[in-house]
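TrEMBL has this to say about the protein:
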- 4-163: domain 'F5/8 type C' (DOMAIN)
- 169-350: domain 'Laminin G' (DOMAIN)
- 355-537: domain 'Laminin G' (DOMAIN)
- 501-538: domain 'EGF-like' (DOMAIN)
- 537-589: domain 'Fibrinogen C-terminal' (DOMAIN)
- 746-910: domain 'Laminin G' (DOMAIN)
- Cys883-Cys910: disulfide bond (DISULFID)
- 911-949: domain 'EGF-like' (DOMAIN)
- 970-1177: domain 'Laminin G' (DOMAIN)
- 1220-1241: transmembrane segment (TRANSMEM)
- 1255-1289: region 'Disordered' (REGION)
- 1256-1267: compositional bias 'Low complexity' (COMPBIAS)
Amino acid sequence: MCLCLGLHILSLSTEKCDEALASPLPHTAFTSSSVFSNGYAPGYAKLNRRGGAGGWSPLDSDHYQWLQVDLGSRKQVSAIATQGRYSSSDWTTRYRLLYSDTGRNWKPYHQDGNIWAFSGNSNSESSVRHELQQGIVARFLRLVPLDWSEEGRIGLRIEVYGCSYWVGVINFDGQGVISYRFKVKKMKIIKDVIALRFKTSENEGVILHGEGQQGDYITLELRKAKLLLQINLGSNQYGSILGHTSVTTGSLLDDNHWHSVVIERYRRNVNFTLDRHTQHFRTNGEFDHLDLDYELSFGGMPYSGKPVGGGRKNFKGCMESINYNGDNITDLARRKKLDTSSFRNLSFSCVETHTFPVFFNATSFLQLPGRANHNTISVSFQFRTWNPDGLLFFSNLDDGTLEISLEDSKVSVHINVTKATTNNRVDLSSGSGLNDGQWHAIRLVAKENFAMLTIDGEEASAVRSTSPLTITTGGTYHLGGKGHPNTIEAREASEYKMFTTLTACMPNHCEHGGRCKQTWDSFSCTCDGTGYTGATCHTSIYEPSCEAYKHLGRSSDTYWIDPDGSGPLGPFKVNCNMTEDKVWTTVMNNLPPKTVVTGSSRERRTVLQVNYSASMDQVTAITTSAEYCEQRIAYSCRMSRLLNTPDGTPYTWWVGRGSEKHFYWGGSGPGIQKCACGIDRNCTDPKYDCNCDADHKQWREDSGLLVYKEHLPVSQVAVGDTNRPGSEAKLTVGPLCCQGDDNYWNAASFTTPSSYLHFATFQGETSADISFYFKTSASYGVFLENLGNTDFIRLELKSHKIISFSFDVGNGRVELTVHSATPLNDDQWHHVMAERNVKESVLQLDQTYRASRLAPAQGHTRLELFSQLYVGAAGGQRGFLGCIRALRMNGITLDLEERAMVTPGVKPGCQGHCTSFGMYCRNGGKCVERYNGYLCDCTATAYDGPFCTRDVGGFFEAGTLVKYNFMPEAVAGASRDTKILTHQLMPHEVNLTKEEVAFSFSTSNAPAILMYVSSKTQDYLAVVLRQNGSLQVRYNLGGLREPFSIDVDQRNLANGQPHSINMSRVDRSITIQLDHYPPVSYTLPDASDTQFNLVKTLFLGKVFETGHIDPVLIERYNTPGFVGCLSRVQFNGVVPLKSALRTVAQAQATPTAGQPDRQPAAASPVSFQGKLVESNCGSSPLTIPPMSAATDPWRLDNTDAEFPFNEERVIPDGVNRDSAIIGGVIAVVIFTILCTLVFLIRYMFRHKGTYHTNEAKGSAESAGESADTAIIGTDNPETIDESKKEWFI
């Protein structure tokens, strides 16, 4: 936001201000620190004059010399020129400029945020002129040489250019107030322009104040030497604090130097400028006008007013050039047009103070004469500092020492008196946090057997001592130390000439709300809690989008994002949903679903405000960069019309981005005043385009998605037809959902060494950051470059392992390089981030390699560029070959693709993302290239998710089974595409010599069949849990009388914990790994066949086969079936469980009329029976420390192991063995009683019949309680008798 209002400050003349001010002055106007001899007097230091020795030279050429000129009165100075001493080897090559109104309180000239050092002369004759970028007003000027001729000594002739300066000045004595009365009683002001200049030595005081009876006010005041502007335009609630806005700027404004203030307000937009540093802000509340009553007061609070806060001091000091909305307040007061009756003696000249500060650096001190041989000492002075430690005062007593120092931000006094036989010591300490940059007063009184220390005149701070003490004062006092390191500013009634201290936090270079802390010569930024990092809190610590988080390997969650990085938008939270092929960003709102709306009409609509978890600007940043956005909106109605007609104003509308009204509803589009049913032509009443417009007494609904992202999000909904009897409506506005991030994938490919893209000049004067991704197979090339007169900025690939960041802001070329351990021309994406600010410069590569360099303490800080920004080759530089994407500069993403479309040698987009991101696709997932990224194809894996890392599993109830046919029957009438798909699902080779099996499970029931693979012969593979919960693998490949059985583990695995199994067979060699234990190898007997012939069907959970089945499996393990969880099931590249669960999801989404939802598609090889629910309860294997081979109870090559392993040897948790036996006996007795009752009931209510299947006898009793009687798939049932046996209990 930028607010521009016309403003003319009277203190600055609009005419050319370039008169020679020094040449007409008499010799007496020039003074100096010293003179080499009479002919070198300062009066001869006039430009192009040859009088005397041809200029001024001091006695000694060192850094303590100065030349001063008195302009006679305050002048406006615009330029300065220097020469060396005529016809000599004496000249000054570098100098500083100080200025003052009094000749005692000096201020250094500032430029680019630094105490400026001007470049001087290189010979004695030519003159060097400098225009002052920041015009100054002063009476006294002082030049301080910093460097001079190596061949001679300091020599100077000068000229000062400027013009006369006159403005009205008012001296405020701390009592008087100027009242500016309005022409009408109450003013309703929409625009304000207030300008003034002030100087003071007080750190508190109200500069201006105005208020109104409705609670509006405006106040400008000094508070702790900072300028505080408080303004309240009001809010919807009378007197509410919600309209209060408070902004602080500046520091150390009690330095008795002039400071200019400009306040520009238009409605709620405010520009607040102090000494040319402007803050832009927007006031709180909802109103635009400032309602003031009667008057606006300058210099304090009005006597008749009601102060906003108590205890405020009036302003004490001087003001000039006071202007309010075009009225010259100073001139009106001089002409007595304003009320000045509160002044005792109104003065229109500035009364100077006689107290001036003295600055001490790390090595300086001030020695003053003292009063010797007195038995009482009294010391008082004021100081301020930002340093926590330093010596303030020191004196040698006649027989001891006195020291006052700052220690850990507290004032400490140490008095040490040594007599012939005794040593008396008194230590006092008071105060805290005294290094806050504010003035603090110290008073110490010490005499015989008494000492008292007081800070800031507060009695509560007084510390006393009555220890034995005898004082005899010495003859000298030292302020600021005595050769001790120190950085203190002291203030006392003295005439010592020294320029005042400076604030390193003005202007405040800490961005994004970072807190500025300083010492006397530097500052630091505290970025805690801001969401930003770096020396100036410039760089965001968060990624710009959910898309960026996904490509860091993150999964779905809530994240902080910062779409514009270092830009003005702050970070905010969003929900990131990482699906297989898309990344969705969701922003929630606070409108409850189905919010009831009543009592609205066309004349008085009910407006529902929709507030989001982010500001409108932040949400706009998401929608602008998104590929697609949607937001569901629903209107449930009963006798409440929605749009009613396609013409005219509808009953209800919604407001989107930009506060624009929209008359279409969800499912429709801009310019079409219809609902979704009107587009699809299926509304309840075909005469209307919305269901609700039929005005029925039954509940109806119009809902759909709003997808025109330039209109989103919905910020308000105005409802207009719920005031009739029986009218009701319920409104739902869903969250805003956006997919993708065009900025993240915005890329260009540079195909020739001379190709480049050009953009507007980069604006990064005091703070600049650049970030982008690149990939190349070349070993060098310029990424980007922008030039100025001498300034420039450049990023380039110097070699296949070196990245360079170079720039010049006027202090000489600076270059940072980072060296990569691996080649950068590997055709993979690499991330580069460079930043330059007034504190440091940083270059970072791939968040691994980093180089940084501190900026010089003094010198140029502004990067001034004027050429276009070139991305790629430019100006004869070595061109870049490869891809650059997501190029962002100071938070703004450059549209490389748009510019590349019209630029020869550059192509939009970049292929080959899988070379960098393919590693994120796990568990066999395949990386698939996309134009704007990549996705992981998990189709052939037993996993899911954006990176194929989420186990796909399901919960099996009793009787649930999954069946996968490796040899599906051809379906009559199937299309050609269906037949091709069927053929692709199972390769022609169905005789296997190797298998790969992997899955995990958890259950508390045994026995059970986990997996069974059948064939059209008698071959099979089975993985079962035995009666005791141990795991067994059974192979029957022919050639053996009995199946080959492997007892993998004798432990009870039916313990409710997840377990994983990985098994592979190649010919006779079988390898099995359970959980995290080492794999164990087994070998099929020599008599066994090695070929698994005509593989037919795979079963999970239970077997229901029509061919040959091992009767042992059916009798022992198949009833009642597996109950528990199976996960990530995979057999030779087939994922039966995942396929079955996807069939369930599709069937539930689009159920077919007349068919059960679980019926598979005709060409699908997978089917299921019973209730199958997706769950990951079996996905995580049990994690326990691995056992050694010597103690592993299930490792078969351990010949010392005893089988079967008796688990009762271990008593978990120390449970007593006898208690366990007693509990077991009780359980057996109860179980026997229950079984007896069941058999008696069955005998009494029996019905005869027979039922034959391939299941074992005794399993038929459970058939009536499950769906096992149904045959799934295309196989024909065999040997089924229609008569049934049923039991009724």
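Each Cβ is built from the backbone N, Cα and C atoms, and glycine gets one as well.
Remote same-chain residues near the domain 'EGF-like' (501-538) are listed as 108, 113, 115, 249-252, 255, 275, 277, 357, 359, 361, 384-387, 437, 487, 489, 560, 562, 566, 570-571, 766-767, 769, 835, 837-840, 842, 857 (criterion: CB distance under 8 Å, separation of at least six residues from the stretch ends). On the 0 to 100 pLDDT scale, the domain 'Fibrinogen C-terminal' (537-589) averages 89 in the predicted structure. Helix first, then strand, then coil: DSSP counts for the domain 'Fibrinogen C-terminal' (537-589) stand at 5 helix, 21 strand, 27 coil. Cys883 (disulfide bond) is surrounded by 22 other CB atoms, counting those within 10 A of its CB over all protein chains shown.
Cys910 (disulfide bond) has a Cβ environment of 24 other Cβ atoms inside 10 Å.
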